[in-house]
Structures are given as C-alpha cells and as structure tokens.
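As given in TrEMBL:
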| type | residues | note |
| --- | --- | --- |
| COILED | 256-310 | coiled coil |
| TRANSMEM | 6-28 | transmembrane segment |
| TRANSMEM | 40-60 | transmembrane segment |
| TRANSMEM | 90-111 | transmembrane segment |
| TRANSMEM | 126-148 | transmembrane segment |
| TRANSMEM | 207-240 | transmembrane segment |
| TRANSMEM | 332-354 | transmembrane segment |
| TRANSMEM | 374-402 | transmembrane segment |
| TRANSMEM | 422-447 | transmembrane segment |
| TRANSMEM | 475-494 | transmembrane segment |
Amino acid sequence: MGDFNLALVIVAIVVCVIVFIFNVYLLINYQHPDDKNQAYFPKFVVVFGLSIALISILMLPADVANRQACKHALYNGACNLTLPMKDLWLAIYIVDALLVFFIIPFAMFYYEGDQDKSIGERMKSAMIWVVVMAIVCALLLGILYGFVGEVDFTVMHLSSNTASFPNSWEFSSSQPCIGNGAHQCSAFTTNASSEKTWTMRTTFPEYVVALATIVGSVLFSIFGGVGIACLPLGLIFSFVRRPKAVITRSQYIKEATDLGKKARELKKAADALHQEERSGSKGRKWRKNVKAVEKELLQLEEDVNLLEEMYPQGEKAETAWALTVLGYLAKLVLGVLGLIVSVAWVIHIIIYLLVDPPLSPFLNEVFIKLDDVWGLLGTAAFAFFCFYLLLAVIAGAMMLGLRLVFITIHPMKWGATLMNSFLFNVGLILLCSISVIQFCSTAFAYYARATAAQEIFGHTLQSLRGIRYLYKYNVFQIAFVALAGLTFVYYAAFGWRRKKPSGRFQLSS
C-alpha cells in the first residue's frame, strides 16, 4: 500500500456527503409542521451538528485505515500518512465543544424567545445569555488549564552495561541478550526505585477536548450503561407487549371521545399560560405549569398513536394492520441481534478493560481476523460496534430523560419534532460522541494501536493531572457495566408486563 492512498480520501469525501444528505432527510421528516419554511438557522445547526457527531464516530475506523497505509513502514514516522488525523481529531472536537456550549444554546435561546419581539431583540437576548456562558466557561477553562493543565507520565529509567560487539550471534530463549552474564538484559532487572514521573504541559485544544470528554463520560456511563441493555430488550419486550388484535368500533369511539375531552382541557390550559406570558407574569409557578402541560401533551400524542394503531382506518386498514404486525416482527429480529451485540460489548469490557492483565483481546482479534478475510471487513465491523454504542447512549437518554430531576429530554417524533427538541438532542449526541470515541479507542486499543486517536485519548487524556485517576481505576467502565446489569435485571423482572399509560387513556379490556 502506498504512502498516499487516494481511495481513502475519496471514501472520506463520499461518506461526508452521504452523512450530510442523510441528516437533511432526518430533518425534513422529523420536523414539526409549524417549523416548515422558517427557523432556518436552527435547522442549519441541527444538520451541521448531526453531521459532526456521525463523522466523529466514523473517524476512528478511518484512523485505523489511515494507519494501515504505513503498516509496512519500519516505524510510525517512516512514511507520510494519507490523512492528517491528529489535526482532524482536534478540529472536530473543538467544533464539537463550540457547538455544545455556545452555538446550540444560542440557537435554542433564539428559537424559544418571545415571538412578539423582533428578530433583533431575540438575537440580542440570546447573545447575552451565550456571552455570559462564554465568559464563565473561558474563566473556568483558563484557571483549570493554568493550574492543572499538565500531564504526568510514569516512566521507568532503564540502563545496562556495555558489551563488546560479538563475532557471532547466538540467541535463544535462555540467552536473549548479548554476552554470557545475566539471563535477562540488564535493563529488565531494574528495581522499583527507578520509576519516575515525567511532567509536561498539554496543549490547550487537547485540554478542552479532555474536559469535554469528562463531562460526556458522566452522561455516557449513565445513559450508555442503561441503553446497552434497554435498546435490545426494549425492542424484544415491545414485541411481547404488542397488540394482539384490532379493537371494536364502540371501543374506539369511547376512547376517542375521552381523548377529545383531554385535548380540549389542554388547549384551555395552554391558552391560559399564553395569556400569563403576554402579561409578563413568567415566574417559577408558570414555568412549572408549562412543563406539566408539555408532559401531558406528549402523553396525549402517545395515546393517539396507540389508538390509531389498535384501530386502523381508511381504505387500506388491513394493509396498515399487516404493516404493524410486520413492524413488531422486525423489532423482535433487531432486538435479538442487538442483544447479541450488547452481550458481546459487556463481555469485552469485563475481560479486556476491567481485568488486569486482560484475559483476552476478544473483539480486537475478531476485527483483525475479519481484516484478513477482506481488507475493510474488520474496519466495517469496528465502525458498527462504535456506532451501536452511540445508539445505546441515545436509547438510554430517551429512557431516563423524563425521570431525571436535573435534565429534561425532548423526545423526537416523526413529523412532530420542534427545533428546540432537535437542538437539545443534537447537543446531547455531540457531548456523548466524544466519550464514545474515547471509550472505543480504549476498548479496542489492540486493534486501533498507533492511531492518532490513541495518542490523544489513550495517552494524554488518561495522564492528565487530577483526571487520570478516573481512568486508572476504571470508574466509568465499572459504572457502565453496573448500570447495564441493573437494567437487565429490571427488564427481566418487569419488562414483560404491559405498561399502564400514565395519562388518562386506558384501553378497555
């Protein structure tokens, strides 16, 4: 393979174009009808943010393929790599941090601003909030970087005696070194007192990436641990709790009437809150009532969808019911396949990351053997496992979000997602994608060895002063596995039960 791989550059460009088109498709199909032909800046931020998140996940397999361009070189610097991956990693994650902490909040403040105000007033209000956030973040980052922005590498000072150059080379398992003295090279017989700490200051971009990774790792260990279990089991138990038959017309009329009454009550409550907003009385009680109405509205939408599923209408009602049945069968198949991947992930974390020394490289060896079968097969499998982990994080966030006190998840619905919900979820995905990449670079260190991602995430990040102990004692990995186990037990005990709607809608027996 030559030093410059034109095919890899072409593939990277094509993938970026496909990712952009796919995200535009998602935006068009998920957006709420009220946002059509308006809110163009939030839409641009959504598409750009999703593109950065997906590209960052796919960059790790690209990093591995990029390193393979020099696999025949004597050492890493013996050839010019196809892509400048380290610079690309830093650029991607600096943009990621800017989107999460500045651009997306600005877009949300602007979108949620008072609609009666002019565009200039809304932009001014959003800019004030973002400037305050920027000042606080800049001060915090500057202080932390000034005091603890250093890496402490533990090194061992090795030395050995000199020996005359031999006339003949005679090496064996019992005599691996030159000379007839020790059966081991003198450098390996050093004692523990030769261990030293080498301190150096990291670059500011790498430090920003590291802190963003820590914030994302907290969310990742919670959402990822729950999601790795609830993603496949949720699909399987959705099939178990599926509707077995279509309800009667009388049942449909009764339930539809109840839903109509609830919709009228919600409209009155929303109108009253809007009047309070116009009068300027937007206190804590008003915000609490707004959240309550939003939650009830989401429950109403779920109840309507469930009722439509139980009683399909129109000329193609039988076709709609058949598609519903096939959809649940597809969930079963995907759930079983996902369960296999989730179990493989948990086993790999335990035997490769939590056990010291590792019992087996496991998935690392699988990817290497797949590469031997076909050059990009292992890389494709590697990309799939990384992308699946991001899907698990999103699934865990959707499951826990509405139950967490300190955070509210804006659920995404096909054809009914407002831009503030879109922006919030994009920010969450971006924040967690940093940790997903760091986690994958650690979990697949054997397969992704000598890559630019490992240089950033495998050495610098895990040696940062004050942060390295979180990685030294595997805090995030242990939390991930523990939450995955608890979620599995929860689903095994309660997942098979049919959920009772929390709203007023209850299917008749």
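Including glycine, each Cβ sits where the backbone N, Cα and C put it.
Touching of the transmembrane segment (475-494) and the transmembrane segment (40-60) is ruled out by the presence of fewer than three CB pairs under 8 A, sequence neighbours closer than 6 excluded. Counting same-chain residues at least six beyond the ends of the transmembrane segment (40-60), those with a Cβ under 8 angstroms from any Cβ of the stretch are 15-16, 19-20, 22-24, 26-27, 31, 85, 88-89, 92-93, 95-96, 99, 103-104, 107-108, 110-111, 382-383, 386-387, 390, 419-420, 422-423, 426-427, 429-430, 433-434, 436-437, 440-441, 448, 451, 453. Remote same-chain partners of the transmembrane segment (374-402), defined as residues 6 or more beyond its termini with a Cβ less than 8 Å from a stretch Cβ, comprise 53, 57-58, 60-61, 64-65, 219-220, 222-228, 230-231, 234, 295, 338, 341-342, 345, 363, 366-368, 408-409, 411, 425, 428-429, 432-433, 436-437, 439-440, 444, 447-448.
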